[in-house]
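Below is one structure, written out as structure tokens, with a few remarks after it.
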Amino acid sequence: MVQIFAAQVFFICLRECLETSIIVSVLLSFLAQTLTSEADKPIYRKLVRQIWLGVILGVAICVVFGAAIIGTFYHLQSDIFSQYEYIWEGVFSLIASAIITIMGAALLRISKMRDKWRVKIAAALDANSAGESSPRGLRFLGEKYAMFLLPFVTVLREGLEGVLFIIGAGLGLPATAFPLAVACGLGVGALIGYLLYRGGNAGSLQLFLVASTCFLYLIAAGLLSKSVWFFENYAWNVAIGGDAAETGAGPGSYDIRQSVWHVNCCSPQLDGGGWWGVFNSIFGWQNSATYGSVISYNLYCIGVGAAFLAMYSREKKAAKTE
Amino acid sequence: MAILVSRLLFLFSLFLSVAQCVTKTYDFDVSWVSANPDGLKERSVIGINGQWPIPTINVTKGDQLVVNVKNSLGNESTSLHFHGLYQNGTTHMDGPAQVSQCAIMPGSTFTYNFTVDQPGTYWYHSHVRGQYPDGLRGAFIVQDPEDPHKDLYDEEIVLTFSDWYHDHMPDLLASFISIANPSGAEPVPNSALVNETQNLAVKIKPGKTYMFRIINMGAFAAQYIWFEGHTMQVVEVDGVYTEPADAEMIYVTVAQRWSVLVTAKNDTNANFAFVGSMDEDLFDTVPDGLNPNVTGWLVYDDTKEKPAPKEIESFEPFDDFDLVPQDKEELYDHVDYQIQLDMKMDNLDDGANYAFFNDQTYAAPKVPTLYTVLSTGPNATNPEIYGSHTNQFVLDHNQVVEIVLNNDDPGKHPFHLHGHAFQLVHRSADDAGFYDASNHSAFPATPMRRDTILVNPNGNLVLRFRSDNPGVWLFHCHIEWHVASGLIATIIEAPLALQKQLSGKIPQDHQQACRAGNVLMEGNAAGNTVDVLDLQGETSFPSPIPTGFTARGIVALVFSCVAAFVGMGVIGWYGMAPIKAKSG
């Protein structure tokens, strides 16, 4: 079984899609609330069409762009990386872990964006109505097509950010791990966005965001641990002068001096890993845990907890001084 | 008068027996010399009396042999094993260190003294951990005035085949039994040799028949051997005469001997190559540039060219199972005692790969096993006193013993039993799995006998012998790497009879060897003389690798889960906090 589902990619897609959905839903509800009269119907329809056009175009560009980058990347990878596979996997996992760690916190603050976007849209529409005084040109175009440009730019920005994020976090994964995870992430993100638009409450959104952030951090912990594991395994392969994975999951496939636990099964590495591979990408499971991989996992979890505590106390202080 | 005559007769017969019983003495000064047998690398090798290759021991059946060994190596201890000699009554002269003697320490001397009462082709070699491939290996030929085949040949020629390493065994062993070699891949030889050289010219005369005594003295590689343009006729294996059998190619594992008759052509028009070809199936990886073959020539005419050997399409060797011993000794059909040995390779908790019989790998006891027999009185029949790592079996006297060997490993292994030749009653094909006593091919009526036998990959063997030779005998794979990684069983045969034979008769120099090496000579495997069932302090050895989660693993897993929950808990608390603040 090849790896066909990358959990981190799924969560990143979910996050980016959610962000976009929130903006779109804000725009749509804004229009629905402001253009209520019968006379506004044509313009309402036109603007709604503009919004969806912007979204679709933005998504299309991102998908093409992302697929091109990932495709190129994997085309190159097969040549360059195979020789030092373990080193690369270690480096990629480390980078992915760092990226998720830094960006994950932002996910918790998405709900704040709704307010931010209401202000932005209102400003844009205000400018539209007061637009007679300004000279025609770019600015006019911008104002006229605000309902197109806003979602388009947003989707493009979020999407490209997502593409880079996915590449960073998914480095070292086989290309086959992407499509399903991307599709699921986008699908679930859109679904949640729709439910929110239909009147989900802020509390359940928050709960959902917190849960998905927790998953992302668990993934990051696993990635860090995996990165350490890959570096150690590289050293082990050098020591035994071959690819340890060739010996299967049994004795000799790991350095017994570093072993904390080892079970002769359930390898996330062999044959794509199956469910153990999924378990590995979400929780950092290893059938052969080393001191390095276990200690790094624990330190990461504790470190992240401490960092959030520090953030909280800083925000509290800031709130007091306001 | 009658008394006088009988006395005279007695004296006369005494004189006769003394005259028949020749004593042959060899003085061996074992030391390092330099050699380059394959022309690829000069290295130090273990020679005798400043020479290498070492001398052939040549005796006649019935001779008393005395070998005075002086160890001048300086940095290694040594011992000599006379491979294939039954040593009936002299098990203490058999040679394995920590089994029937203490190793001969540098600077010490030691005398082997025994009667050779069996004819045939043998060899002698060091029996100290992995030492003989460094050079201490030589032919041991016992002439037989009553050879049943003596009319079939004109001359005899000894051909030793062997593999050769450019590195020293202690270094190779250190990397072989190491955490860095978890798959237990054996070092691959650098060359093959014949008579410890290459491109050997053997001068022969047209029309004559030669008996080639072929010995594989290698460490690891079995060799396919064939003579171009000549058919061999097998007449002896491992000192057992056989009914002559034609063979185009023979497969000689390490430690096996085959005597084959080759009749020279009647003309001298051409010379013919003969080839020894190492069995590359044994090698984990075949290094680039390895020449697995060694070539020699039957030289009819010095002035003619020595042709390069021809390529052969496949290896199709003669099966020694089909041989019939010349004495037609019948199958031992009633088995009194069965030894089952299931062998495998696995790793222990030092990460290295070891070899196992019945899940137990051999490690030498603190007291040489023979001395445990001799110093424990009636307890000597209790297998427990021989330790936890010796794979010991105690046999009663004069029983028919069957060894069932199941090879749970995909490699070929040549097994050797000290002190006996055994009947080969069954040998499975490759991948037959374990021996099934209720379902096997019919046993031969007069099974082939020898002392070193090949077991096929993942196959099995059944051997039978009579326990008529009190002694301590090893049964082991003769691949020197596997000897080092523990593929050894100890057979303690008729210990009480052995005590009668040898108690108080261990020579002074044997005791001296133990004192020089600070090795205990009394008590059980741990050297305990008071309570011989107490094995505390015996040789320690790496333990099996625990399967699954140990306490350490569980603690680590629990800690990881707790850390993850704590970390995620903080994130959740932080993430939900602003909403609470808002609503509150």
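Keep in mind that glycine also has a Cβ here, set from the backbone N, Cα and C atoms.
Predicted automatically and left uncurated, TrEMBL annotations should be read as such.
The model shown is predicted, which means the values in this text are computed figures rather than measured ones.
Taken from TrEMBL, the feature domain 'Plastocyanin-like' applies to B:30-146, B:155-301, B:363-495. According to TrEMBL, the feature signal peptide maps to B:1-21. As annotated by TrEMBL, transmembrane segment applies to B:553-574.
Outside the transmembrane segment (B:553-574) by six or more residues, the chain places nothing with a CB less than 8 A from a CB of the stretch. With helix defined as DSSP H, G or I and strand as E or B, the domain 'Plastocyanin-like' (B:155-301) counts 11 helix, 70 strand, 66 coil. When the domain 'Plastocyanin-like' (B:30-146) is classified with DSSP, helix, strand and coil residues number 6 helix, 54 strand, 57 coil.
The average pLDDT the prediction assigns to the domain 'Plastocyanin-like' (B:155-301) is 96.
For the domain 'Plastocyanin-like' (B:363-495), residue counts in helix, strand and coil come to 22 helix, 49 strand, 62 coil, using DSSP.
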